[in-house]
Amino acid sequence: MSGADRPDRIARRIHVKGKVQGVWFRAWTVEQAAELGLDGWVRNRADGSVEAVAAGPADRVEEMIARCRRGSPASRVDSIDVEDTPGVVAQGFTQKPTV
């Protein structure tokens with residue numbers, strides 16, 4: 001387990017709205033997180049948005065947020081909300097079921 005409360009790590013919840021479902025956004029997010037060495041998860045939401053939690057070194061999490069703002073090649077990001085996520089985030093980065 002990876003604690004976001006460690007001084008060298010942060011965790012952020014990222015909520016992305018726009019054309020982000022049916023355009024490989026989740027798979028792309030998993031690829032980006034793996035490239036950056038982040039822990040967390042991503043899932044579709046019933047309202048058509050995508051939600052993710054990313055945890056790791058601050059500079060890498062901030063880079064993930066920047067990449068989510070740009071979006072995957074086929075997506076269109078209209079807005080993004082980011083907030084701190086306290087607690088423990090499991091190791092690895094996975095896709096979760098839609099909620």
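Every residue gets a Cβ built from N, Cα and C, even glycine.
The annotation domain 'Acylphosphatase-like' is assigned in Swiss-Prot to 11-97 on the grounds of sequence analysis. For the domain 'Acylphosphatase-like' (11-97), the predicted model reports an average pLDDT of 97.
Under the heading active site, Swiss-Prot lists Arg26 (among others), citing sequence analysis as support. Within its own chain, Arg26 (active site) has Val42, Arg43, Asn44, Val50, Gln95 as residues 6 or more apart in sequence whose C-beta sits under 8 angstroms from its own. In three-state terms derived from DSSP, Arg26 (active site) belongs to a helical segment.
Taken from Swiss-Prot, the feature active site covers Asn44 (among others), and the record attributes it to sequence analysis. With a 10 A radius on its CB, Asn44 (active site) counts 19 other CB atoms from all the protein chains.
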